[in-house]
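Colleague: Supplied in structure tokens, the structure appears directly below.
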Amino acid sequence: MMSFVSLLLVGILFHATQAEQLTKCEVFQELKDLKDYGGVSLPEWVCTAFHTSGYDTQAIVQNNDSTEYGLFQINNKIWCKDDQNPHSRNICNISCDKFLDDDLTDDIMCVKKILDKVGINYWLAHKALCSEKLDQWLCEKL
């Protein structure tokens, strides 16, 4: 019985630390701290996150000379540091792998720095796909 409880506990803790693909309503709830920050509405953020990563907190995109991480696809040349790019400017002062978990606190802090420095156009999906007709990005459950 004790080994079953231990195994169950390990399974629960393992699951709790894993990154995940979030739902629209989970993203909507998690991003409340970004509401209207930099003049960007919450539905705009939900749309941008969807078109940037598909709500996947583990999303990694390798480019020719850089890599983008997490829900917001934060780049390792400027915003975070990893082994691939040890000379990053690391403006957010964080390891890129911190953007690959389901705790979005550090992601949101870095997103605010990106907004302050370069604005919402850092995310190409925003202008093309998320600047109008935003009703579909609301969460009806809340």
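Any Cβ shown, glycine's included, is placed from N, Cα and C.
The following feature annotations were taken from Swiss-Prot:
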BINDING   LYS98, ASP101, ASP103, ASP106, ASP107  Ca(2+) binding site
DISULFID  CYS25-CYS139  disulfide bond
DISULFID  CYS47-CYS130  disulfide bond
DISULFID  CYS80-CYS96  disulfide bond
DISULFID  CYS92-CYS110  disulfide bond
DOMAIN    20-142  domain 'C-type lysozyme'
CARBOHYD  ASN64  N-linked glycosylation site
CARBOHYD  ASN93  N-linked glycosylation site
SIGNAL    1-19  signal peptide
Colleague: Can you tell me the CA-to-CA distance separating ASP101 (Ca(2+) binding site) and ASN64 (N-linked glycosylation site), as a whole number of Å?
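Modeller: One finds 24 Å between the Cα atoms of these residues.
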Colleague: Given CYS110 (disulfide bond) and LYS98 (Ca(2+) binding site), what distance in Å do their CA atoms have, once rounded to a whole number?
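Modeller: It is 11 Å, counting Cα to Cα.
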Colleague: Roughly how many angstrom lie between the C-alpha atoms of LYS98 (Ca(2+) binding site) and CYS80 (disulfide bond)?
Modeller: 9
Colleague: Return the member of CYS92, CYS130, CYS139 nearest to ASP106 (Ca(2+) binding site) in space, with distance defined Cα to Cα and candidates limited to these disulfide-bonded residues.
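Modeller: Closest by Cα distance to ASP106 (Ca(2+) binding site) among the disulfide-bonded residues CYS92, CYS130, CYS139: CYS92.
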Colleague: Starting from CYS80 (disulfide bond), work out which of the recorded positions listed here (ASN64, CYS92, ASN93, CYS130) have their Cα within 10 Å, and give them in sequence order.
Modeller: CYS92, ASN93
Colleague: Express the distance between the Cα positions of CYS47 (disulfide bond) and ASP103 (Ca(2+) binding site) as a whole number of Å.
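Modeller: Each residue's Cα considered, CYS47 (disulfide bond) and ASP103 (Ca(2+) binding site) end up 19 Å apart.
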Colleague: State the mean pLDDT for the domain 'C-type lysozyme' (20-142).
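Modeller: Summing pLDDT over the domain 'C-type lysozyme' (20-142) and dividing by its length gives 95.
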Colleague: Can you tell which of the disulfide-bonded residues (CYS80, CYS130) has the fewest other C-beta atoms within 10 angstroms of its C-beta?
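Modeller: Result for the disulfide-bonded residues CYS80, CYS130: minimum number of other Cβ atoms within 10 Å at CYS130.
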Colleague: In the three-state scheme derived from DSSP, which category covers CYS96 (disulfide bond)?
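Modeller: DSSP call for CYS96 (disulfide bond): helix.
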Colleague: Given CYS96 (disulfide bond) and ASP103 (Ca(2+) binding site), what distance in Å do their CA atoms have, once rounded to a whole number?
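Modeller: Between the alpha carbons of CYS96 (disulfide bond) and ASP103 (Ca(2+) binding site) there are 13 Å.
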Colleague: Within 8 Å of the Cβ centroid of the Ca(2+) site residues LYS98, ASP101, ASP103, ASP106, ASP107, which other residues of the same chain have their Cβ?
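Modeller: These residues sit around the Ca(2+) site: GLY70, PHE99, LEU100, ASP102, LEU104, THR105.
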Colleague: Can you tell me which of the recorded positions ASN64, CYS92, ASN93, ASP107 is spatially closest to CYS25 (disulfide bond)? Compare CA atoms only.
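Modeller: For CYS25 (disulfide bond), the closest Cα among ASN64, CYS92, ASN93, ASP107 is found at ASP107.
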Colleague: If you count CB neighbours within 10 Å, which one among the disulfide-bonded residues CYS47, CYS92, CYS110, CYS139 has the smallest count?
Modeller: CYS139
